[in-house]
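Report on one structure; see the data block that follows.
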């Protein structure tokens with residue numbers, strides 16, 4: 001199956017290349033400028049190769065199966081191995097087309113964008129007997145429709161020749177209303193699965209993930225702002241607050257839970273599958289809506305992650321109740337984390353973690369779904385690659401933050417770092433049968449790091465910021481970073497960090 005995240009990867013790569021375009025005329029004649037132009041065209045060709053073949057062989061179904069040149073209605077098939085209950089005339093929801101709308105605008109193809117909007121306005125319906133995953137449908141369908149509506153609402157872009165009468169917003173609101181029955185639980189935590197036509201089915205599973213409950217506020221909140229109906233934001237916020245109340249004394253969360261009882265099912269978690277977008281949405285909700293509560297929640301969760309999941313530049317999984325490590329593995333979904341760190345100004349920590357993901361990517365040519373850190377090998381049952389975009393996204397964010405991309409790609413897991421790169425503050429911890437290099441780590445958690453063995457490593461140079469929320473008015477409010485022993489500075493946005501530009 002041709003996964004739609006391929007389009008996201010293409011888009012991120014394109015944005016990465018477009019970010020390089022602001023050079024002088026003299027530079028534009030350089031070999032590097034010519035190479036960038038070729039790369040830009042290659043990305044454009046990649047996008048249209050995928051998009052055109054979807055439109056030829058799969059549209060209006062959800063996704064393309066490129067080898068057989070057929071299709072899959074993946075939005076419904078996700079969790080449905082037997083599809084006899086679906087109506088015979090069900091043709092999917094044009095999922096790939098919806099997800100491609102913003103990419104078409106980025107490409108400057110207003111003609112195709114207009115054609116897609118008109119088709120969706122006239123043909124798309126959600127009144128179908130299809131059991132869908134609330135999380136996936138929210139981020140992919142509702143998010144796609146809301147994003148396209150925002151683009152269309154910008155009169156300066158003039159993306160349509162004719163009048164736009166909020167057709168995509170009408171579709172988005174119809175879908176949002178079909179989500180609402182999922183939230184009718186004793187806890188306010190939503191079911192993971194819902195039938196678009198009939199609501200929550202009898203004997204539906206009450207198990208869901210942290211991401212499934214905590215990654216709804218962006219799309220649902222935006223829908224409320226656009227329609228003026230507070231119900232969508234209200235139910236998403238109620239679920240998020242209930243989830244927040246379920247954190248452990250260590251400020252950690254599990255991976256799966258029961259929406260009926262509000263009890264945790266899986267206590268082990270990390271920053272990967274089942275939890276990843278929960279952290280992402282906390283920060284981005286603060287950015288999008290400007291509410292201080294979201295920042296406080298994110299900061300608290302971020303500090304706990306850095307304290308209990310981080311080991312060197314790697315992130316393992318741990319029990320939310322004790323903080324003890326459970327699984328020593330890198331998963332591909334974790335690769336979003338460096339990008340998130342860039343957004344809060346923790347650029348050096350982002351570069352450090354990105355370096356490790358890149359090392360594994362370079363070793364295999366792709367980022368494995370699961371890489372066993374303790375054995376330095378791919379997990380034997382997961383030797384596949386579903387075209388995930390997270391590493392590309394983090395790379396893009398790091399490039400934007402440094403305007404020269406991450407510092408040299410080296411791995412402290414497999415290699416000795418030169419003293420010139422990390423001049424101080426590295427501690428050697430002897431454990432049988434080998435000696436490992438352990439950093440005292442993050443500006444958020446220092447002056448100490450709890451190691452797997454329970455040892456305590458003190459920072460030699462850490463000076464905390466004047467305020468615990470890392471806000472600042474001047475550079476004098478900022479302390480010294482524990483990892484690099486560099487003075488932190490105050491950004492224009494009013495946050496202390498290791499800013500490479502301000």
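Cβ atoms here come from the backbone N, Cα and C positions, even for glycine.
Feature annotation from TrEMBL assigns signal peptide to 1-26.
For 136 (among others), the entry in TrEMBL reads active site, proton donor.
Annotation comment: TrEMBL describes 276 (among others) as active site. According to its DSSP assignment, residue 276 (active site) is helical.
The active site, proton donor annotation in TrEMBL covers 369 (among others). Close to residue 369 (active site, proton donor) in the fold, though at least 6 residues off in sequence, lie 331, 332, 379, 382, 384, 385, 386, each with a CB less than 8 Å from its CB.
The feature active site is assigned by TrEMBL to 390 (among others). Under the DSSP three-state reduction, residue 390 (active site) is assigned to helix. Long-range Cβ proximity for residue 390 (active site), meaning a same-chain Cβ under 8 A and a gap of 6 or more residues, is found for 332, 333, 334, 335, 336, 339, 367.
Rounded to a whole number, the C-alpha distance linking residue 136 (active site, proton donor) with residue 276 (active site) is 14 angstrom. The active-site residues under consideration are 136, 276. Their Cβ neighbour counts within 10 Å are lowest for 136.
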